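What TrEMBL annotates here:
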ACT_SITE  B:205  active site, proton donor
BINDING   B:9, B:10, B:11, B:12, B:13, B:14, B:15, B:16  NADP(+) binding site
BINDING   B:105  NADPH binding site
BINDING   B:190  L-homoserine binding site
DOMAIN    B:349-423  domain 'ACT'
C-alpha cells in the first residue's frame, strides 16, 4: 500500500486530535483511500512539553527545515494558528511542493489569495475545511455539493465561545462576566477571550465563507462587526419575552445586486433554525437558488471534531497525489458585480434606560421619527420605580439613521443611558 | 472552454430541475469548473408531452442508442427511477464508457454493488448523492468530510411524504387519511403513496446510507421496517403529552460489535435534533467517533433541490474528466465484522384499547411481566366511558418478547384491540 508522508506544524489541541484519529481509525482510513497516511515529522516549540497525544520524541522537531527540505514529505498540515510564523512556513512549504491543509482562519481570511496563487504556481493543493465551523463540512458543501447553486444567503452561528456564553446567560440567567468565567473554566474560552467576544474570530470566518459562497473577497477588517460584550441578561430576558433568542450571527445576504454582510449579536425569531443552536455547537444556514434552505449543525471546535475536518481534507489530497488532477479554485474571486453594502437595512432592538416621568416616551419617539426610524413596537413596563427600561423594535432602517436618532435621544432629558442596540433578523 | 457533453435519461420533475438550473446558473457553473456542461440528448417516452423545462425538440429522443452510441457524450444522468429499464440502460451506458450520475435509490440500494463493479471495470465514475435526502449533501459528507470517522450512528428523517403527513397530523390534528389527501393535493405524495407510507422508500435510502457509513451491505428487503399507516392522531396526541414527536425514522446504530438497523415510526424526545424537522424537510443525524454529533437538514425532494445534488455530482465528474484520477470506492463493503442484529432492543410505546373494568390493568401488566417486558410508565385516563385507551412505555426489550406479550394480551378478556406499537428513541 502506498504511503503518504505528512508533517504537522503545531501539536496542540487540534494537532493531537489529528494524531489520535489517525491512530484510532487507521483501518477505516486505509480501507477508504487505499493508501497509508504516515506522520513523519511534527514541528513544535518545545520538545519536552506534555501533550494530548503520544508521538515518539524522534518525530518532533523545532526546525521547519527538517520538514520543508525532506523530499519524502508530501503534505504539510498547518495547525499553529495566527499569521506570522504560520504564513512564513506555509509559503516555504508550498515553494517546496508540499500540499497544504490548514485550520487557520486568520491566515486564510487575510492572505488566502496570495497563498492560493502560490499553490497554483507550485502545482499543489490547499484545503481549509477546518478553518470555519470545526467539524461541520461547510467548505466542502459550498464548493462541491452546492457548486451549481447561486447562493442567496449565509447565516452562521460560528463561534462556540460566544454561543456558550449567550446560552448560559439565557438558560441560567447569568451575567456576562460570570458566563465568560464559566466558559473559561469549561475550556470553551481562552484566558484572553477578546478575539471571540469582540467578533473578530467570526469576521475571519465570514470573510472565508463569502469568498467561497459568493466569489467575493471582503477583508475581515472591512466587515462591520460588533461583539457580545454589551449584552446584558436583561436584553436576553426581553428577547425571550418578545419571542427571540440572542445569537452572535455572521450574515451575508444578496438583496438584488447588493451584498449585505455583518457580524453582530442579533435577535433571531425563536422558530429560526439558528435560534436553537446551543452552547459550543455551531451551525450554518444556507439559502441556495436551487437547493433552497439547508442547515448544517455540529461541533464548531475541539480536538477531534476539528481534527475530523482536517483529516477529511488530508484524505482528499492523499487520494489525488500521484494523479494529474487539479481540483478547482475555491478562492477565485469573480462575483465582482455585487455592490458591497455592509450593514444594509434591518429592524433593530433598542434598549434604553430612562426616568419614569411624563413626556419621556413622546420625546424619544419624536427623535426616532425625525431621523426616519419607524417603530414597530414599544415596551414600557413601569413597576413604580423611578427609572425603567424602555424597549423599541424598529422597522427596517439604515444603521446610520438609527445612530443619528440615538445620538439625539442620548441627549434627551430623562434618558439615563442607551443599554444596547441589536439587529433583529427576520 | 472545454465542453462536457451530457445526456439525461428521463425528463420529469428532477430532469427539468437539472435542465433549468444549468440554464439559470450557467455563469456560476462555468466559472466554478472552467468547463461548459452541455446537455446533448434527453431520453423520454413521449416527445410531445409538456414538461417543466423547455428543451428544444431535437434534443429529445426515445432511443437509448442515440445516447449510448454517441461517442461525444461523456456522462449519462439517470433520472428515470425504478429498476427495470433504468438498470438496463445504466449498464449499457457504463459499458459504453459513460460516467454515471443517478438519483435512483431503488437501483443503487438493490444493484449498487454490480453497478459499481461494472463502473470500475470500465474506468468510469458513478455518483448518487441525490438518491438520499434530495438536496442534503449526505453522501459527500460521509464519503469525504467524515471519511476519517468511524460512524457510530445514523438517524434519518428521509422521506418528505411521510414527514409531511405526520406534521399535518400533529399540527392540525388531522386523521391519517385526510393528511394523505392533503399531501397528494400539495404535490408531496404520489397518487399511489404506498412505497412512501409503507417505509419502502426509506429502506432503500437506509440501505445506501449503511453501505456508505458502515461499509456494510444490507439489502433493503432485509431491513426490518414498518410504515406509518397504523398511526392515529390519538397516538400523536399521546406522544405530545409524553414529551415526544412521532417521526418515521431510519436508524443504524453500532452497539459494541452489533449493528442495529430499522425503519420505523418512532417516538423522538421533543429536544432530539430530528424532532423539529417538519413537513417535506428531511434531516440526517450522524454520530462519528471523531466529529461527534452532526445534523444536516434541508429539502429532501423537489425539482431544484434534488437537481442541485445531481448537478453537484455532475460537476465533480466534469472536473475529473480528462485526468487520470479515479476517486475511491464509496460502495466497497468491508465493515463485515459487525453482527447485523436488525431491530435490537428498544423501549416501546404500546397503545391498547380496553374495556374500563376492574382487573384489566393487572392482567395486562402480568402478561408483560411473564414475557420479561418491564414497564416504565402506564397512562390510564378514565373518562367515565365504557372503553378507554391504555398507554404503556416499556423499558428496553427485544421486539420478539414484546410481540409474545402482545399476543397474549390480545387474547385477554376486556382487551378490545391493540391500536399501535411504536419504537421510542432515547
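Quick reminder: no glycine exception, Cβ is built from N, Cα and C everywhere.
Overlay of TrEMBL annotations on the structure.
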{"residue": "B:9", "record": "NADP(+) binding site", "Cβ neighbours (10 Å)": "26"}
{"residue": "B:10", "record": "NADP(+) binding site", "Cβ neighbours (10 Å)": "24"}
{"residue": "B:11", "record": "NADP(+) binding site", "Cβ neighbours (10 Å)": "25"}
{"residue": "B:12", "record": "NADP(+) binding site", "Cβ neighbours (10 Å)": "17"}
{"residue": "B:13", "record": "NADP(+) binding site", "Cβ neighbours (10 Å)": "18"}
{"residue": "B:15", "record": "NADP(+) binding site", "Cβ neighbours (10 Å)": "29"}
{"residue": "B:16", "record": "NADP(+) binding site", "Cβ neighbours (10 Å)": "22"}
{"residue": "B:105", "record": "NADPH binding site", "Cβ neighbours (10 Å)": "26"}
{"residue": "B:190", "record": "L-homoserine binding site", "Cβ neighbours (10 Å)": "13"}
{"residue": "B:205", "record": "active site, proton donor", "Cβ neighbours (10 Å)": "27"}
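Across the domain 'ACT' (B:349-423), DSSP classifies residues as 23 helix, 32 strand, 20 coil.
What surrounds the NADP(+) site, by Cβ distance within 8 Å of the Cβ centroid and not counting B:9, B:10, B:11, B:12, B:13, B:14, B:15, B:16, is the set B:8, B:17, B:18, B:51, B:79, B:80 from the same chain. Look at residue B:9 (NADP(+) binding site): DSSP puts it in a strand. Taking the C-alpha positions, the distance from residue B:9 (NADP(+) binding site) to the residue listed as 'L-homoserine binding site' comes to 21 Å. In three-state terms derived from DSSP, residue B:14 (NADP(+) binding site) belongs to a helical segment. When the Cα of residue B:13 (NADP(+) binding site) is compared against those of the recorded positions B:105, B:190, B:205, the shortest separation belongs to B:190. Taking only the Cα positions, the spacing between residue B:10 (NADP(+) binding site) and the residue listed as 'active site, proton donor' is 21 angstrom. Per Cα geometry, B:205 is the residue among the recorded positions B:15, B:16, B:205 nearest to residue B:105 (NADPH binding site). The DSSP secondary structure for residue B:205 (active site, proton donor) is helix. Note on the domain 'ACT' (B:349-423): its mean pLDDT in the predicted model is 93. According to its DSSP assignment, the residue listed as 'NADPH binding site' is helical.
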